[in-house]
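Note sheet for the following structure.
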Amino acid sequence: MSSSEIKSPEVLPETPATHDGVSNSTHGKKLGIYFLESDNRRMAFGRGYAVGATPVNIRGKPIPDLSKTGGWIAALFIFGNEMAERMAYFGLSVNMVAFMFYIMHRPFASSSNAVNNFLGISQVSSVLGGFLADAYLGRYWTIAIFATIYLAGLTGITLCASMNIFMPSQDQCDQLSLLLGTCEPAKSWQMLYLSTVLYVTGFGAAGIRPCVSSFGADQFDERSENYKSHLDRFFNFFYLSVTTGAIVAFTLVVYIQMKHGWGSAFGSLAIAMGMSNMLFFVGTPLYRHRLPGGSPLTRVAQVLVAAFQKRKAPFSSSELIGLYEVPGKRSAIKGSGKIEHTDDFRCLDKAALQLKEDGVDPSPWRLCTVTQVEEVKILIKLVPVPACTIMLSLILTEYLTLSVQQAYTLNTHLGHLKLPVTCMPVFPGLSIFLILSLYYSVFVPISRRITSHPRGASQLQRVGIGLAFSIFSVAWAAIFERYRRKYAIEHGYEVSFLTPMPNLSAYWLLIQYCLIGIAEVFCVVGLLEFLYEEAPDAMKSIGSAYAALAGGIGCFAASILNSIVQSVTGNPGKRQQSWLSQNINTGRFEYFYCLLTVLSVINFCAFLYSARRYKYRAEHKFGIQEVVTSKQNTPTSRT
């Protein structure tokens with residue numbers, strides 16, 4: 001086996017590493033200083049590929065002239081695809097509850113839970129899209145395939161809303177019948193069809209969401225002096241495109257629905273998605289790609305299995321050769337650079353322990369490279385930050401239904417113009433649009449003076465600011481809901497909860513909407529940038545999927561929390577209304593908002609603890625010294 005050791009100046013057998021990573025004769029040396037490089041390593045996922053920073057074209061070949069690809073022009077095509085996807089996503093989220101209630105004649109509570117579950121599944125399954133992109137397909141082909149699936153699902157939803165055969169009879173079904181639940185319910189096969197096309201749409205979104213932001217960020221050169229600045233602005237503009245899609249969904253799509261019906265509204269979403277798909281393919285010659293690195297789950301499993309098999313092997317032993325790594329600048333993982341060894345999760349380092357008993361060609365399920373072990377460490381260290389954003393997703397999910405119920409009882413006139421209730425969620429989008437427009441001219445200069453950070457605030461600081469504003473939002477929602485309910489009871493609106501109160505404006509809701517909009521800007525944008533920069537080279541899509549996974553868990557958590565609150569606070573036998581009663585004037589939404597405030601404060605404290613302990617990844621500098629024992633045995637450098 002042709003090999004060279006990378007170690008301290010002392011010869012390793014004479015100065016073996018201890019459990020603490022310190023030589024017996026030389027103190028202060030860490031375990032990571034000892035590596036073994038090999039030219040004859042059998043890896044299940046290949047080796048000798050381009051480093052993670054090296055972009056390739058769609059055929060996997062190096063790009064001869066980078067100036068003709070990537071950059072902001074390529075990013076514009078990606079922004080368009082994300083805008084259409086978000087337009088469809090929010091268009092369904094705000095309209096599907098009403099469609100199920102008014103057209104399919106499903107109870108409001110079950111309709112709300114069904115949509116929450118759809119939103120949750122579409123986000124949780126983003127992990128699958130991220131896995132396929134990082135492992136086999138690459139981000140481009142993953143987006144292309146799942147965008148086509150997305151379009152097929154939207155087409156099916158359009159047919160459901162356009163053809164009478166897919167809907168129950170609407171005869172003799174007025175508002176009173178809807179409230180009493182006496183309208184003809186949808187047949188089981190009709191609901192099955194709607195659920196199928198809805199989840200096909202969600203599955204399509206699951207493949208797009210984890211890849212679009214990462215694919216857009218791939219268009220910028222890591223070796224550029226302005227890379228950090230470009231990346232920061234890219235994620236802000238990326239979320240601006242998300243917000244634009246949401247604004248269009250909450251205004252234009254709602255207008256089309258009111259003027260031309262449900263079929264036209266959902267059809268407009270399908271048309272927009274089809275147009276964005278064509279634009280995405282038109283930009284193909286401009287895109288820069290990263291090579292997929294093979295199955296990340298396989299690599300994670302190999303580290304866990306190898307670490308378990310060597311769990312009893314001591315760090316200080318005559319059998320110890322060193323920590324294993326392949327030679328040169330390239331790692332054994334396709335599309336990834338090497339990662340420096342760290343002292344976190346020392347138990348996982350056992351997977352990279354090279355022992356004499358391993359022989360010349362050990363199985364990758366018994367011996368892993370340092371880079372492979374560090375990938376797993378990074379994935380574990382990233383978990384607490386997106387986990388703390390689950391609470392924000394839960395609040396946003398609750399607002400989609402609860403604040404709309406509040407708006408039904410309020411006056412939505414803006415001068416002589418009466419806005420439909422389903423347009424109310426547009427205001428968080430407008431506040432996000434305004435904040436992002438002023439971000440670099442107002443927030444960055446002010447915060448730079450306070451924090452001395454070149455971009456105003458670090459990624460984790462921005463996430464923390466967002467979580468703090470989400471607390472203010474739900475706290476205000478509790479205060480206003482207490483006043484709104486008291487006003488409704490005092491003025492005789494306790495029973496007629498769908499009748500707007502002319503003297504109480506719905507625009508009091510703008511305060512909680514704007515606060516949650518600020519929370520989204522700082523938290524989500526900071527999180528996406530954080531995950532992209534901190535994730536391993538060959539796991540960028542998996543890293544971005546963490547954000548979508550947190551969002552999906554938040555949707556499921558909202559449904560679970562609603563069910564718990566309804567069962568604990570309501571008692572149908574005693575005619576005791578739950579906090580989340582369909583009649584908002586007899587329910588106690590303010591108590592529910594107070595509960596969310598308490599949970600948000602606890603979550604914020606957990607985030608502060610996690611953020612304080614987190615250490616940003618150092619630059620990938622592999623400053624190691626090769627000790628050549630024999631000229632004949634020195635491995636040939638491969639570039």
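Glycine too: its Cβ is placed from the backbone N, Cα and C atoms.
Features reported for this protein in TrEMBL:
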type	residues	note
REGION	1-24	region 'Disordered'
TRANSMEM	87-105	transmembrane segment
TRANSMEM	117-137	transmembrane segment
TRANSMEM	143-166	transmembrane segment
TRANSMEM	237-256	transmembrane segment
TRANSMEM	262-282	transmembrane segment
TRANSMEM	378-399	transmembrane segment
TRANSMEM	419-442	transmembrane segment
TRANSMEM	463-480	transmembrane segment
TRANSMEM	506-532	transmembrane segment
TRANSMEM	544-569	transmembrane segment
TRANSMEM	589-611	transmembrane segment
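Cβ atoms under 8 Å from those of the transmembrane segment (506-532) belong to residues 213-214, 217, 231-232, 235-236, 238-239, 382, 385-386, 389, 392, 395-396, 399, 403, 406-407, 410-412, 414, 421, 424-425, 427-432, 435-436, 439, 457, 459-463, 465-470, 472-474, 476-477, 480, 484, 540, 543-544, 546-547 of the same chain, restricted to positions at least 6 beyond its ends.
Of the two recorded stretches, the transmembrane segment (544-569) lies close to the transmembrane segment (117-137), with three or more CB pairs under 8 Å once pairs fewer than 6 apart in sequence are set aside. Remote same-chain partners of the transmembrane segment (419-442), defined as residues 6 or more beyond its termini with a Cβ less than 8 Å from a stretch Cβ, comprise 90, 94-95, 98, 233, 236-237, 239-240, 243-244, 246-247, 250-251, 254, 257-258, 399-400, 403-404, 407-408, 412-413, 506, 509-510, 513-514, 516-518, 520-521. In summary, the transmembrane segment (237-256) does not lie against the transmembrane segment (378-399): fewer than three C-beta pairs, each 6 or more positions apart in sequence, are under 8 Å.
Counting same-chain residues at least six beyond the ends of the transmembrane segment (378-399), those with a Cβ under 8 angstroms from any Cβ of the stretch are 116, 119, 300, 339, 344-345, 425, 428, 460, 463, 466-467, 470, 473-474, 512-513, 516, 519-520, 523-524, 527, 530-531, 534-536, 539, 542-543, 546-547, 549-555, 557-558, 561-562, 596, 599-600, 603-604, 606-607, 610-611, 614, 617.
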